[in-house]
């Protein structure tokens, strides 16, 4: 027994010494060959969530397509609703291309709302890739509608929605339903959209939305069985920055179309602008990969190319739908446009949303 | 269905799959043995390797890992009194006394056999249940989930200790700690006092380690002796097996309980061991010795926690709703493999579901077998003088603690709760009652609010609510009848506590009770600042807690000598009057030192300094031993950190200097 212990210790010591030596060697120079380097991909969420899965799906592909095939490790820095890890990235990351950040709608929302915990500035960073997502709103057939064309039936109904919280991604349906003039009771405290869907299946709520892949897998069977009625998709952004029908659901109206069906007018005005900012941050620009402030354009271009190249990889194509839903990850001008739209809100719109949340839902954004 | 079952089994029994499962099982065993590290850390360790693996093999590996953690975490629970993971906190209560009595072998073998039986039972139940599970799971709405949280809280009755007032006050404290952070209904941040760390609440692993591991380390460090007196392991391997066989019915009941609680999404698996333990205490009639080394106190939680893992797979696979942190990571793993959970898991993908279920059973057999084989070498640890073991334990516990949010604040929270834990142990405040309150606080509050929103007060008339309500009443009734105290005895409320008959000697425990009242007053004043929906829960809990203290404090001040409320380990503990007993604060002082040093120079550098200093000053070790042990620990932690790809918490030094990993 004793010998084994000693050997283990000796081996461990060697590993330790080796690792220390490795760490001390390798001064980081800004060059677009990453041979022998380790790239840290900061994910400000704990292991196992959507963002973590997304990063772990991309990491090996990124390693394969970046010049020099660096090791890409996903580093989880959870806490503070993703503000902690993001603050850390903003304070510590060097512009050498060896530290990147993956954000999500939950990182964008506190920034847009002016949460006091936010000490990062999106405008400092360079975007490498954006990963859009979409979702479909559906309701219970007990409300007496057959399909999207009957959406006006919902006007005078008491609707109940299972929400994760008024400052979470569920802010988008909250603002959307308000614009449509629906009478919705938001019940908070749900742990995720899956949890909300369960409440729908239990009959506790009668209106819900799911992101596209979850919708296809879990709600489509309900629709086929006559237990759910699809209403509209949130829609996707085209290159001009307009909301258009989601190509995954070509038969469903987008939110602006549904709004027009209800009211006869295209949505506009400050309410729509506020909705639009959070919608963009939550869906078309939901997940983004950033390089730190002052990163050279060469490095940014190298990353963009790697993200483009990986799309042809059979590994990517095999699993992309399960992880990403039905949407392509984008780079270049479209990513830049999504980035800008998803991280910008006029100060008066911010105030309007924050005041509304405080008045109507008792939400306070910390001290 | 039978055909699918057999083909799934066939695919599983090939050499490749068994090999991958063995890898998963081995990683799981190692992770389980390390105190504080559980399924989340283990799964994160394997995630990077999933890519490009065969579906069934990868699932076998993941399941192998998840399945055996509640088996191997028994080692540290039984041998050191430190819960190996949140799944075996209750095992400590009787397992550790057994080890100190030299019956570690009996306790361990009974635990491993129970774990295996629980795991297999879980798999058998799942095999049949999985096809009909959907409607049953869907019948648990917010109202029923709230009642289940109450049922869990009813276990406090049996774990409240000699003084019911003290036990309920401890439970209220737990509920208050559990309600720190965002309020479920309004998102208001409660009791954060300007600390960003508190926005998310205090993580479970910190609470578990702070209240259970640190007091034990502090206690063990007071004496310079090994954990086990005399024969470390004892004989009795077959004794353990016979014990389990004699209590087969209890083991099966607890496995059933574990399976059901695991399968209901939203309750969370971390109370399963306490519910099973409480159930054992409530139902065992023959010669109960709970708390002093009753083997049934080991069999019950160990049967339940492995079965729970099986149950927890159901909502994960059928609905994509993870029942626990570990299941969340498992879900991520499934998605990475291209498997989308959903109704198809009992339709087109039924073969995957069965391969998962049977992997679970196989892994449990593998895990229990390996644990039995490893038991003798691992148990030798209890013969090492504890002061040599202590630095490893302290470092490992800190390492486990900062897995939570990977910051220095984790360590500070651990230390603060550790101080509270040490004092609660000293003054006989039941820590299990606090833990149950802590774990169930968010569930109780959220589901109560949701049930009211969805149904109004008419939720009380739902049949499920009434059934669970009756179960809860029965549980309270049997619980109060069989109440056990912190150290064992089923309590008759007689005033025969070992005591010292002066008011002066009682001042420390009176002071502690007053301090706890102070904490509740702080919670109460904080609650008043919030909206109705944000304040109603902490407000009612703190008022209830204060009412309990209003009963307790006069009892402590005026109660006659030996009143059942009196307890102070420093007056009547078995160490009193012995030679060579260090101060109560020695262990905390060292842990505080490591945390303080981390604040200055970062965790890894602090570890490199802490180890030699501790070994030289406290353990009086020779230079060779110091060098070897420091290098061993440093290497081990480094390897683990590297495999988990994490950065250590940084200190003031790191703000000034840019250092390479692991000092970064």
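Numbering starts at 1 and runs along the chain as it is shown here.
Positions of Cβ are set from backbone N, Cα and C atoms, glycine also.
Any TrEMBL annotation is an automated prediction that lacks curation.
In TrEMBL, the annotation transmembrane segment applies to B:506-524, one of the ranges B:487-505, B:506-524. As annotated in TrEMBL, transmembrane segment covers the listed stretch B:318-340 rather than the other ranges in B:295-317, B:318-340.
Proximity of the transmembrane segment (B:624-644) to the transmembrane segment (B:388-405) is established through 3 or more Cβ-Cβ distances under 8 Å for residue pairs spaced 6 or more apart. Tertiary proximity for the transmembrane segment (B:18-37) is limited to same-chain residues at least six positions away from its ends with a CB under 8 Å from its CB atoms, namely 12, 45-46, 53, 57-58, 60-73, 75-76, 80, 82-85, 205, 208-209, 213, 359, 362-363, 366-367, 370-371, 374, 378, 393, 396-397, 399-401, 403. Contacts between the transmembrane segment (B:506-524) and the transmembrane segment (B:167-185): present, as 3 or more C-beta pairs lie under 8 angstroms, all at sequence separation of six or more. With Cβ pairs under 8 Å as the measure, the transmembrane segment (B:352-376) is packed most heavily against B:49-69, out of B:49-69, B:197-214, B:536-557. Highlighted: of the candidate stretches B:136-160, B:167-185, B:388-405, B:459-480, B:167-185 has the greatest count of Cβ pairs under 8 Å to the transmembrane segment (B:536-557). Highest Cβ pair count under 8 Å relative to the transmembrane segment (B:459-480), across stretches B:108-130, B:136-160, B:388-405: B:136-160. Per-stretch counts of Cβ pairs under 8 Å to the transmembrane segment (B:167-185) identify B:197-214 as the leading one among B:49-69, B:136-160, B:197-214, B:388-405. Panel annotation: around the transmembrane segment (B:388-405), residues 34-37, 40-41, 80, 82, 197, 200, 203, 205-206, 209, 213-214, 217, 220-221, 381, 411, 413-414, 587, 590-591, 594-595, 598, 603, 607, 610-611, 614-615, 618-619, 621, 625, 629, 633, 637, 640-641, 644, 646, 648-649 of the same chain, lying at least six beyond its termini, place a Cβ under 8 Å from a Cβ of the stretch.
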